[in-house]
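Visitor: Take this structure first; my questions come after.
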Amino acid sequence: MVSFNALSLLAAVAAASPIEFPGFPLIARQDIQTPINASLPNVTIFATGGTIASQGSSNTQTVGYSVGLGVQQLVDAVPEILNISNIKGYQISNVDSGSVNETISLKLAHMINEELAKDDVAGVVITHGTDTLEETAFFLESTVNSTKPVVCVGAMRPATALSADGPLNLLQAVTLAASPAGIGRGTMITLNDRIGSAFYTTKNNANSLDTFFSTEAGQLGFFINQVPYFYYAPSEPVGRVTFDISQVQDLAQVDILYSHQDMNPELFNASALLGAQGLVFAGVGAGGASRKASQAMEALYNATHIPIVASHRSSDGFVPSDPKDFTIASGFYNPQKARILLQLALTVGYSEEEIRAAFAKSYPIPA
Ligand code: ASP
């Protein structure tokens, strides 16, 4: 259990007003519209910031740069886009993606659903920092109510760098969003000539250009000469769960805890005390934790019945369900995606059994 002095400290922290950065993150609105060519499809770009919209002080700087380019500048840098589609652009935010928050995620989902409902819009592109790109992509995978292409794109080098990857990544993303071949595949992530599903694709390397892929489930497709090719006919991942968030204005708080040797078991209570309505832990192996941590989780669950999802800290594999276990097996969902699924399920009022079923859809059900 959490000791008394730790509890009093936590209570003081919880009572303190949450840290606010005035005016941060920036949510600017810069609508753009390129000249209309009636023979071309219409694609809408939602810009959020990230390295793709960043500038360094020299063309050899590839770390320590700052975000600031607007959606107009991103499009202007790739005039070839105008041979592919007409572009309308919105500047939703202009932040490093570590600062993308529920306000931005909900704004994106609401605006994208509204945009894709228009008959004359072929698809949408979201330009985004790569650090949390997979979270936004999975959030949209779970909340966009359309079969039209939704393509998330970023870059690993700032726009000012030698061999910047952003411009070609953006051209490929717009091409995919404009392409009928992209219909019916769920939200996609494309960088570095690869096309991946938002369901399985994750950022595997903190630094390298070639970092987004899913090793076990593989890629959906690739680009040759900026033309998208696919390995499969259009299909959606087994186990995809979607939520109607049209009336949702804020999301349940779900925290992730990272399991390791000698993990402090009091962290579970601490998270609940600080407002977590659900927990995900990045378990060792297939959702494992130390005996002390397991006992602390079980005590917390018995006292509060907040859902606790057991995920895996390894990049691949799945956590199978154990019916006698109080934790909920994450299946194939890694911790950051499990958090989003749990957050959405709690927000729309899923019961514990419905939450278990939502996760269980992602992995083979025992015969
Ligand atoms: N380095 C990150 C990027 O590649 C920064 C971010 O995620 O905003 O976009």
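Even glycines carry a Cβ here, placed using N, Cα and C.
Not measured: the values here are computed from a predicted model.
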Visitor: Quick check on the annotation: TrEMBL has Thr130, Asp131 binding substrate, so which of Ser85, Ser93, Ser97, Ser163 does it put in that site too?
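Guide: Answer, per TrEMBL (substrate site with Thr130, Asp131), from Ser85, Ser93, Ser97, Ser163: Ser97.
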Visitor: Tell me which residues of the chain lie with their Cβ under 8 angstroms from that of Ser97 (substrate binding site), as long as they are six or more apart in sequence?
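Guide: Set apart from Ser97 (substrate binding site) by at least 6 residues yet with Cβ under 8 Å, we have Thr48, Gly49, Gly50, His128, Gly129, Thr130, Asp131, Thr132, Leu133, Thr136, Gly154.
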Visitor: Can you name every residue in this chain, apart from Ser97, Thr130, Asp131, with its Cβ inside 8 Å of the center of the Cβ atoms of the recorded substrate site?
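Guide: What remains near the Cβ centre is Gly50, Thr51, Asp96, Gly98, His128, Gly129, Thr132, Leu133, Gly154, Lys203.
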Visitor: Select the most exposed residue of Thr51, Thr130, where exposure means the fewest other Cβ atoms within 10 Å, treating these as the recorded positions.
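Guide: Lowest Cβ count within 10 Å among the recorded positions (Thr51, Thr130) is Thr130.
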